[in-house]
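First comes the structure, then the notes that go with it.
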Amino acid sequence: MKQVQLKSRAKINLSLDVLGRRSDGYHEVEMIMQQIDLYDLITLEERKDSEIRISTQCEFIPTNEDNIAYRAAEIIRENSGINRGVNIYIDKRIPVAAGLAGGSSNAAAVLEGLNHMWRLRLTPKQLMDLGVKLGADVPFCILGGAAIARGIGEILTPIEGLKNVWMVIAKPAISVSTAEVYRQLDLSKLDSRPNTDEVIQAVKEGDLYTLAGKMHNVLESVTQRNHPIIREMKRKMLEYNAIGAMMSGSGPTVFGIYKNYGRAKSAYENLSILYKQTHLVQSYSRRKWDE
């Protein structure tokens with residue numbers, strides 16, 4: 001029986017700006033996305049019937065069509081005109097609903113894995129075109145590495161990402177609705193916005209100190225107001241020697257960037273006492289088809 005196993009990597013945002021609201025209700029964004037080496041393990045196994053079955057050790061994610069990985073299997077079947085079944089096992093390690101694109105990354109892995117397992121020969125561009133129908137972050141998760149994302153997040157320009165930079169990420173025990181964060185965002189009241197070009201230059205040069213001073217997420221203004229723990233977590237990251245700290249996506253996960261492994265590990269040991277879902281990670285900057 002055919003089987004494929006893939007790593008489904010998380011992402012963080014090194015900057016996130018919202019440019020305005022579109023006529024279709026979505027928001028126009030400009031952000032820098034960076035993969036990290038925290039990943040879920042996705043195992044795909046061909047079935048003899050035509051059913052799609054999802055299983056996981058994580059009680060917080062659905063195992064039916066409400067799971068974006070299920071819908072990814074459906075959409076690639078429909079696109080290819082085939083009716084094969086598949087078992088999808090998700091070994092969930094990325095925190096759920098955390099602003100880390102865990103679900104989108106799972107969907108990307110299913111698209112890539114079934115493309116390989118069923119020998120569909122779809123190009124990365126074709127996979128990304130399918131992915132955007134599932135969610136704005138899915139195309140980036142197919143691309144991998146680091147990129148500038150524009151539009152609703154689906155217009156991607158690859159960039160040189162951070163190379164093996166040590167980070168600590170921590171998710172507090174709260175949930176955040178992305179739709180509600182965007183609804184509450186008042187662009188006219190923003191105190192500051194990121195300079196994307198300056199962030200890109202700092203990333204390209206590997207200048208972590210300049211990056212720390214330039215990276216900015218406009219959605220923090222909403223999530224921090226609703227959940228003061230975000231501000232406290234950033235303060236704790238800096239207290240434990242982070243060069244810079246920021247919220248990823250709409251939250252609630254906060255990440256800190258560290259000068260070296262020793263400082264990151266020390267921070268991880270301290271922060272994991274305070275926050276259960278804390279991870280010691282590195283940036284990951286290889287695009288999928290470079291591997």
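Just so you know, glycine gets a Cβ as well, placed from its N, Cα and C.
Remember, it's a predicted structure, so these values are computed and weren't measured experimentally.
As annotated by Swiss-Prot, active site applies to K11 (among others), with the evidence given as sequence analysis. According to its DSSP assignment, K11 (active site) is in a strand.
According to its DSSP assignment, D137 (active site) is coil. Look at Swiss-Prot and you will find D137 (among others) tagged as active site.
For S105 (ATP binding site), the Cβ neighbour count at a 10 Å cut-off comes to 30, with all displayed protein chains included. Residues or ranges marked as ATP binding site by Swiss-Prot on the basis of sequence analysis: P95, V96, A97, A98, G99, L100, A101, G102, G103, S104, S105.
Most Cβ neighbours within 10 Å among the binding-site residues A97, A101: this distinction goes to A101. Here the binding-site residues are P95, G99, and the one whose Cβ sees the fewest other Cβ atoms within 10 Å is P95. Apart from P95, V96, A97, A98, G99, L100, A101, G102, G103, S104, S105, the ATP site neighbourhood in this chain, defined by C-beta within 8 angstroms of the site C-beta centre, holds A10, I94.
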